[in-house]
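Heads up: the structure comes next, in structure tokens.
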Amino acid sequence: MPGKLRRAGHGMFMSPDEVLDVARKGAAAGCKEALITLGDKPEDRWPEAREWLDAHGYDDTIAYVRAISIRILEETGLLPHLNPGVLTWTDFQRLKPVAPSMGMMLETTATRLWSEPGGPHHGSPDKEPAVRLRVLEDAGRSSVPFTSGILIGIGETYEERAESLFALRKTARAHHGIQELIIQNFRAKPDTAMRGMPDAELDELVATVAVARLVLGPSACLQAPPNLVDSEYGRLIAAGIDDWGGVSPLTIDHVNPERPWPRIEELAAHSEAVGFTLRERLCVYPEFVRRGEPWLDPRLRPHVAALADPETGLARPGALPEGLPWQEPDEAFTASGRTELHRTIDTEGRTADRRDDFDEVYGDWDALREAAAPGMVPERVDTDVREALRTAADDPTKLTDAQALALLHADGPALDALCEVADDVRKSVVGDDVTYIVTRNINFTNVCYTGCRFCAFAQRRTDADAYTLSLDQVADRAAQAWDVGAVEVCMQGGIHPDLPGTAYFDIARAVKERVPGMHVHAFSPMEVVNGATRTGLSIREWLTAAKEAGLDSVPGTAAEILDDEVRWILTKGKLPAATWIEVIETAHELGLRSSSTMMYGHVDQPRHWLGHLRTLAGIQRRTGGFTEFVTLPSSTPTHRSTWPGSPVRAPPPGQPRGDGDGPPPPPPVHPQHPDELGETGRGGAAEMLRSGANDLGGTLMEETISRMAGSSYGSYKSVKDLIAVAEAAGRPARPRTTLYGEVPEERRRAAEASDGHLPELLPVLD
């Protein structure tokens, strides 16, 4: 490949100048889309590709695609449609802000065509059907309007062809993100290994289109490339297509260069001959233009609006592309909405019990039930619980997975015995002191389009309960907390599409400038990834910049259950388990310590809890960066993930020990094990302190996440309240810092004088 390109006078990649030259000519010719297509990660295969990227200052191909997409938007006004091959979830986050749509052909689900020698995909790792199906899932979870399809005539059977269509239907129903499906017929090309293969027959193509229409339904958008047939357009329309795809007046079909594009006038005439009118669309389909967020990034709205008909979402007649700045949305960090929610959630409650775009954002629930059913059935446990208890009491580090799983199923007297063992471990490792922290939660916005199905906190920006705080309001709340003895602010928020790339840095600086001594414990791994993708930085670079801005430690939230089997049911668009681990380990390497968490009681099972605990233990052995482990029971009244058939529910307050607390991890792994009083209530917290826990979390001062979910707990707790809980468990209490150090005397006195209680909450927005 590199040698062939050299002989033809080409580089490994088109240069930016070459790309922009073609894009400008396309804009002048009336094109509205810039299709960027290339092979899968060429730098992984060709040293010459790696050298080209290094020489031009790009970390990888995706970085170049992102950069050139921005230049196309700004200098030509064309809308990038990206086909850069197999993409990861993180790749989608990097590219979504610069492209209204993306695509990748599934081609086939026939694994044998990839795995067996001589198959058309043999030796091509990115052609593995499971890999390509994961790309489709990640696109849907990331709310990316996506084009896919199948390739027929490459050796697949009729059954395999049908299976491919049903796989596409399953993904489309689960996430509603497949904007178009292409039924493409194989055409043999010279100088390829399959040059001797016969072309797919026209009748086969027509039959496949018809079956696709029946399988995918009347609302699906189906395309058959018009240059891959001769003049049989009417048969394709009659079979069920409703789109001719991209047709260029300027460039060839680079995949099938021997097949020239038909003229637009020719396609219009053939469409009209069978009773249809040909209309121009954009690369992003009308449905997604009209939907807007979360499918269309705010930074792309002006570019799409400049070319779209506001009524139909199709291309606006007569619109000509012109370059527009690619920039952050206006009015970031303008205080808006129900900014008093931290107070009135306790007095007035929610305005509504769910977002107004519930079904659209959270996906197809029948598809979710189907996904949940096989893996969420409680498993039988045959391991001897008594033997497991003996091992735990003797040396918990020697517990096998089978023994640990048996203990996670413990009930009745066995659960009582387990809690005694856990409490003995607690005594030997950290002693009898119960610690707490004087802290204030500041949830700076609840506007979020991620689509976590367990979350009742997230709101669409137009919802009645939505709000965003200004930087001044964030700083004011930090200053108020400092005045009453706080040593920490814990700050997290929704993934608000309008927040600028510097938002998290700005928040940290605002607090540090107002209260230099305040510990800033902020930004979940999901927020870290969001910030990194918005700024174009790597995770390491972003965390380094955040630390310089004032970030002191990171909450280990957004973990839920670190098993993608569970995560993809719970969360539509949140980061995969591997990415969560990458963020946390990178933070630890940079000296940013973190908490660790597990949210349980939704669709998870004890085996998932065990896997989660083992994962956290492995991280702690590698980095030593965790300060604590927090168990978070799911609050179900307004959570989304408790549909019929879900076998697990969070235990009621009267049964607090059923939270998967044991088996106790090895003593060095999680030196602190808080019980979040805001999650379990006073009685439950005291019980947990007798079952291995040694910390009560914080005073909170304000809390909206659990309360929005309908929890009976979660409101402000005073220092006296926390001390009373410890005393109820027969234990002494003392304050701590975020990193479990001693609290300065001045902070102690301030907290004692005020009982850690705010004299008044901030007023509503003027």
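Just so it is clear, glycine is given a Cβ too, placed from its N, Cα and C backbone atoms.
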Exercise. Out of 323-359, 730-766, which range is noted as region 'Disordered' by TrEMBL?
Worked result: 730-766
Exercise. Across the domain 'Radical SAM core' (1-227), what does the pLDDT come to on average, as a whole number?
Worked result: 93
Seminar exercise, completed: For the region 'Disordered' (730-766), the DSSP helix/strand/coil residue counts are 10 helix, 3 strand, 24 coil
